Amino acid sequence: MNHFPKLLSSQIGFDVAQTMLENFDRHYRIFREAAVEAKTLYEHGDWHGLQRLARERITSYDDRVKECVEVLEDEYDAENIDDEVWQQIKLHYIGLLTSHRQPECAETFFNSVCCKILHRSYFSNDFIFVRPAISTEYLENDEPAAKPTYRAYYPGTDGLATTLERIVTNFQLEPAFDDLPRDIGCVMQAIHDEFGHFDEAPNFQIHVLSSLFFRNKSAYIVGRIINADRVLPFAVPIRHVRPGVLSLDTVLLRRDQLMIIFGFSHSYFLVDMGVPSAYVDFLCTIMPGKPKAEIYTSVGLQKQGKNLFYRDLLHHLSHSSDRFIIAPGIKGLVMLVFTLPSFPYVFKIIKDHFPPPKETTRAQIMEKYQLVKRHDRLGRMADTLEYSSVALPIARLDHALVRELEKEVPSLLEYEDGNLVIEHLYIERRMTPLNLYLQNGSDSDVEHGVKEYGNAVKELMKANIFPGDMLYKNFGVTRHGRVVFYDYDEIEYLTDCNVRRVPPPRNEEDELSGEPWYTVGPHDIFPETYGPFLLGDPRVRDVFMKHHADFFDPALWQASKDKLIQGELPDFYPYDTALRFCTRYPARFGATDQNDGAGDAQRAA
């Protein structure tokens, strides 16, 4: 820009900036209130209430943005504010953020509002926050009544057992613990099993984030152990062993275990953060290498995560030279998928037209993606980032990809200043398609992949999700070896499905027919018919029948549906259930109801 205002002379500019910040502050207050309510719901064991709260919080941000846009249009005729005033609005906003506790999130809110009002030609750092303006380094809430981001404990003074007990009791959870000294003993034993004996350095200390992380039926204590130059992460899930009684379920001591519980295939945590950047910085120390965008998303600030991701993409494009290409693998009927090999994500666009047998619409597919966003994903469904008006340099697009885009999605394309602007797309983490993983893998890979696939579908089933198209190509294998579902255009609630057995053939002609001899309704599912599509490879068939022979029995599916209709919410664990204390150290527990279901070593990661 050639001219930037030297004098902030516009009263409207200040008023608009203040109005936008007031609306952001309202949004963040509601965000924090949800986390406080989550603690109460958790203490009372109100799991349906927690699910409702998590769903409502996901839509809250867009509601607040819409409200803010309406206020600006009604009171300030925002669409007709001239360019110089918009520049002053941004500068006033920056000034208002100098002592703010969530400046990075407030900047993102500003962008969201502006993108609803301004043409995309204004999406530059002159008018919106393409780059952050306010530093979040060393940001802390220093108000007397505020909780610190984390608390430091020194086991060398009072001993490790006493310190661990103080850490747990400081969260002041209302229900009593079944046997907290026993659980503390299990934590200490697990630490010894993992690290053996270690000498305590002068700086031996434990840092614990001041708020609990709530998700599903667990509340997580998250922290780090510091000893000499070592930083050891940990997370302790607290669960109800029976109504009104709590227990420490396990302790997770490996970075890869924490990476999974904070992973992109899980629903967002509810956690009360006065200074979110300080929480994210802390989490970065225990999960180095995990992008800040993913961490912000995992703690419920998905719009901030989305903003950071887009900045990461622009930065990567500035420091790379490879081209976007059509994604390897079997082409989908509904989605056009492409990727940048040097960037670990895929870009998915809904096609303009769908060939038979697909009978759906763009609006219906977008609603399916929203269903997944709102639903508890249990570590088995990939999160997606949804973007509008994405401009990609034409010079970075492979010619074959451009031809495919012009063929399949011409209605969503616009050429502008050397860029191809795509009206709407989704972005997901890139995974190895399960069909390729099974096709190219060793025998042990095949066993792992098939076992994970069956577990994934069964866990989705218990969570009221019917994948629809269950072919292996619609599932991916993450870098941690977990199988995750990522094709959502045929997804349905299991409770909306009619589970049926295949009727016996009426005669020999029926038996030899390649077509069903029975009527099939739009919501009918026939688990007995899945075998031919899933068991064609002899290696896969043998392993599948070894681990998941019940998969093709309609009774399995109907039982899950019946429990859901009765309001039952099953237990899920984002870690191997063999790590649960009641399984790992059974002698410490004796005969207790904590062991119910522990033998099913599911991985709901």
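Including glycine, each Cβ sits where the backbone N, Cα and C put it.
Cβ neighbours within 10 Å of ALA327 (ATP binding site), excluding its own Cβ and spanning all shown chains: 20. Residues or ranges marked as ATP binding site in Swiss-Prot: ALA327, PRO328, GLY329, ILE330, LYS331, GLY332, LEU333, LYS348.
Around ASP383 (active site), the same-chain residues six or more apart in sequence whose CB sits under 8 Å from its CB are PHE264, SER265, THR297, LYS373, ARG377, GLU428, ARG429, listed in sequence order. As annotated by Swiss-Prot, active site applies to ASP383, with the evidence given as sequence analysis.
Most other Cβ atoms within 10 A: among the binding-site residues PRO328, GLY332, that distinction falls to GLY332.
If you draw a 10 Å sphere around the CB of ILE330 (ATP binding site), it holds 13 other CB atoms from the protein chains shown. Across ALA327, PRO328, GLY329, ILE330, LYS331, GLY332, LEU333, LYS348, which the record gives as binding ATP, the greatest C-alpha separation is 15 Å. Of all the binding-site residues listed here (LYS331, LYS348), it is LYS331 whose C-beta has the fewest other C-beta atoms within 10 angstroms. Listed in sequence order, the residues of the same chain lying 6 or more apart from LEU333 (ATP binding site) and placing their CB within less than 8 Å of its CB are LYS351, PHE354, PRO355, LYS358. Note: GLY329 (ATP binding site) has non-local neighbours VAL337, PRO433, ASN435, LEU436, LYS473, i.e. same-chain residues 6+ apart with C-beta under 8 A of its own C-beta.
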